[in-house]
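Below is one structure, written out as C-alpha cells; comments come after it.
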Amino acid sequence: MGGSCAQRRRAGPRQVLFPLLLPLFYPTLSEPIRYSIPEELAKGSVVGNLAKDLGLSVLDVSARKLRVSAEKLHFSVDAESGDLLVKNRIDREQICKERRRCELQLEAVVENPLNIFHVIVVIEDVNDHAPQFDKKEIHLEIFESASAGTRLSLDPATDPDININSIKDYKINSNPYFSLMVRVNSDGGKYPELSLEKLLDREEQRSHSLILTALDGGDPPRSATAHIEISVKDTNDNPPVFSRDEYRISLSENLPPGSPVLQVTATDQDEGVNAEINYYFRSTAQSTKHMFSLDEKTGMIKNNQSFDFEDVERYTMEVEAKDGGGLSTQCKVIIEILDENDNSPEIIITSLSDQILENSPPGMVVALFKTRDLDFGGNGEVRCNIETDIPFKIYSSSNNYYKLVTDGALDREQTPEYNVTIVATDRGKPPLSSSRSITLYVADINDNAPVFDQTSYVVHVAENNPPGASIAQVSASDPDLGLNGHISYSIVASDLEPLAVSSYVSVSAQSGVVFAQRAFDHEQLRAFALTLQARDHGSPTLSANVSLRVLVGDRNDNAPRVLYPALGPDGSAFFDMVPRSAEPGYLVTKVVAVDADSGHNAWLSYHVLQASEPGLFSLGLRTGEVRTARALGDRDAARQRLLVAVRDGGQPPLSATATLHLVFADNLQEILPDLSDRPVLSDPQAELQFYLVVALALISVLFLLAVILAIALRLRRSLSPATWDCFHPGLCVKSGPVVPPNYSEGTLPYSYNLCIAHTGTKEFNFLKCSVPLHSNEDMVCSVSPGALIPPHGGEDLTSHPETLTSQAPPNTDWRFSQAQRPGTSGSQNGDDTGTWPNNQFDTEMLQAMILASASEAADGSSTLGGGAGTMGLSARYGPQFTLQHVPDYRQNVYIPGSNATLTNAAGKRDGKAPAGGNGNKKKSGKKEKK
C-alpha cells in the first residue's frame, strides 16, 4: 500500500490483515460516481440520487448516515430521499478560474459499516458573463503614408466564460478607410485588427472614429463595445522588429517577488522620434498583468508576486514594441513555472467519533481522514504514521484515504483521553511534513465500585449533643464519571433496634455526613455501630460498605445523688444518734452518694459546708464517713446539724447537699422530746396558703356549728322533759369490770383543726373537749352527743344551758405537776386515778406506735416520719429500737381535749412560758421561730 500511513514496524501482521480488510475497502476502490451540472444552479436543485447510485435504499440513508464531505461544501444529501442537492452558489469562473475543465470532487461517507465513495461533479459553463474591454476608449495613430493593407492591432475583449460562451467574433461600424480582421492564435484566442483599405489624406481628414463590438457565442449572445479614435500622422516607414518572435523561459516557483524574469528587445531602423521604442502588454489576461510588470523603456519583465505552480503552471503574454512614429510589432512571451516541493502535506479529517466506549473491541473505526499535497510527482506522494505507544493504528484505504482504528484495550480511569498526532510526510527532497492532532475521548462505563477513604471509621461524640448536629462524615470515591461516579450514602445495618436507627442517626445521601437525630446519653448508650453503604448510580449499580463505630463520651451532666441520709416519704429528715461517751474517731454515720456519670465526672468528694459545732465532727474526703473529731463537751448542744456537700470531679463540678441531724443520746427516750420540737423553717408563701386554708376552715366550721345549733334547739323543744332525766347522777352510768372505776363512758364533742406547713406535712390536732374538766371529775354519759356533763344536780343543767351548745375556753395550763407526771414502769402513784392508764396500757401503746411506724415507713404511708404529733420516728427506728430503749414516753404525748401542748422537760429548763389559752395551737417549730 504505497501511500499507506500504516506503521512499517508491523509489516508481518498487516500482510495477514490486508486480505481480510480488502472487502471492507472494496467500495472505495471502485470508479467514482460522476455527475454533470451547469453552473449557477439554484440552491436545492437535485444533482442526482446519490443513494440509488450507491445501491442504498431510502431507509439506509438515515440509518447509515449518508453524507458528503469536501473542502468547500457546495452540496448536501437529502436525509429522506438520498438526493444530492446544491447547497451553495456554484460559480465556475470563481471555482476553476481559467481551467478549461472544472470538476468538484466529493467524498460520500456512510456508516455501519463505515465506507467512503468518491463522487465527481463536473461544472458546465453557462453564458453568465458578457465580454468586456479593458478600455472603453482606444486611441490609435497612423501615418498618412501608410499603404493599403497596413494593420493596426486592437486590445481584445475578455470573457471569463469558456468554449462556446467565450468571445466568438468582433465587428465595427462601416467605414471606407478601415476594415476589421480577426486573428486567431495557437491557443484559440481571437484578436481584432484594423486593416487600412485605402490611402489616407491627413489634410482631408485628420482623424477617424470607429465602434468596435465584441460578441460571445452564447444563446442569446452577449456583447461589449469600445470607441476607437484614429489620428492620422506623418509618415514613419520602418516598424520596430523584435529579436525573436517568441520568448520562452522556465522559472522556479520559489522565485521571490521583484526578480527580473525576462527582457525583450526590439530595433527600429528609423531615426529620431520614429526610432524611439516603447514596450506594452498586448492581448494579455488581466491576471497575468497583475503578476508581471513591463518596463516600457527597457522591455524588462519582472514578477510582482510569488509564483505558485499549483495555481498556474504557465503564463502567456504578448509584448508590443511601438516606435515614435506609431509603427508597432508584437512578440509572444511564454513563462513556465517549475514545481518545487514547497507545499507540505495536508491532513483533512472527514469523520471523527465524539467518544469511544472504554470496552470497545480492537479494530473499531474511530476516525476517517485523507491527505493532500498540492505538489506533483514525488513531491505529492504522502505517507502517514502515528505514535507507537498508544492503542491506535492507521490503515490506508485508497487514494490517500485512511482509517484510524483501535489497537488495544482502553481504560478511561487510567487514560480518559488520547491526543493522537498524525504526521504526514511527502517524498520530496527535502521531504516536507505536517501534523494534525485530534483528541479522542474515552466514554465511561460503570466498571468501578465506590471505595471508602478508610476501611473503618471510629468517632467520638460527647453526650448531650444538639439534635441535628453532624457527628461524622464518611467519604467514598468512584473513578467513574457522571452517574457511574455519583455516590449516594445510606445506613444499611446497625446494632441498634431496626426501628430505632432512624431516631438516633441519619446520613446525608449526598455528602455522607452523619447527623445525630437526638441528644445521646452516655448513661443509656455508650457505643453503637453502623454499617454505611456507598452506592453509585450506574447501570448496574455498584456499592461498597464500611463500618462506623460511634463512641458516646461522658459529660458531667449528672449531679451526685445522695442515697443516705434520705428524707422520709413525707419529707422528714432522719436523725443519727451518737452516744455521749463517743471517743474521737467514732464512726457516727456515712454519707452515701452516687453519680450516674463515669470517670472523673463520677469521682466524688465530700465537704462540710456548715456545722452547728465546728470541729466536733470530721468528714472523710473520699469515703463520706462522719466521725467524731473530739469527745462531746458539757457546753456542746445535744442536737447537732451538719450540711455536707458532695462534689464530682467534672469540669465544672456538680454538687449535691445533704443535711445530717445528729443527736447525742444514750437511748431513744432522750431524743423523743427533740424529735417533737424540731424547728421547721417557714416559707412566706406557705404561710399565706396556711392562713387562707385556716380562714376557709373557720368559715366552714362556723357554718357547721350554726346548723348544728339550729338542729339542737329544734330537737330540744320537741323532746319531752323526761328525756333529760337521763342526765341525773347515776342514771346512765355503766359500771363493770371492763373499764377501771376511774373512767366513765361518754362522748366528747370535738372539732378538727387543719394546719399546712411549707414542708407539706399535715398536722392533726387532737380532740378538744367542749366542757372543761377537772382532774378529779368523772365523765358521765348524756343522751345528747354534744357535751360531757359533770356530776351535778339538775339545777346546774338549767342554770347553765350554754354548756350544752358552746365550747368553754381551754385551761390556761394543762401541765401536770411533778407528782402527777408518770414515771418509769411501776412507779405510778395509786392515788392519781383517772389521769393516766396503767403501765400495761402504757407499754402496749408505745409498742403499737413503734410497730406502726416501722410498717408504714415500709409502704410509704408512715404518720410517724417527723410530722406533728408523730414524734419524728421513721422506719429505721422501728425494728432496731425496742421498749428497752424507751423507759418513759408519756411526757411527750398530747392530752386529748386540750388546746395546749404538753411541753417537754427541756422546755422547762429553757424557761419557756406556757402557751396561752387562746385556742390557737402551732407546731413546735413555729413556736420557736416566733
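Numbering starts at 1 and runs along the chain as displayed.
Cβ atoms are placed via backbone N, Cα and C, with glycine included.
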*asked:* Say a student had to find the N-linked glycosylation site annotation in Swiss-Prot: which of N304, N742 would be the correct pick?
replied: N304
_Arithmetic mean of per-residue pLDDT over the domain 'Cadherin 5' (453-562)_ = 93
_Applying the under-8 angstroms CB criterion, which one of 134-242, 243-347, 348-452, 453-562 scores highest with the domain 'Cadherin 6' (570-675)?_
453-562
*DSSP says what for the domain 'Cadherin 1' (31-133): how many helix, strand, coil residues?*
15 helix, 39 strand, 49 coil
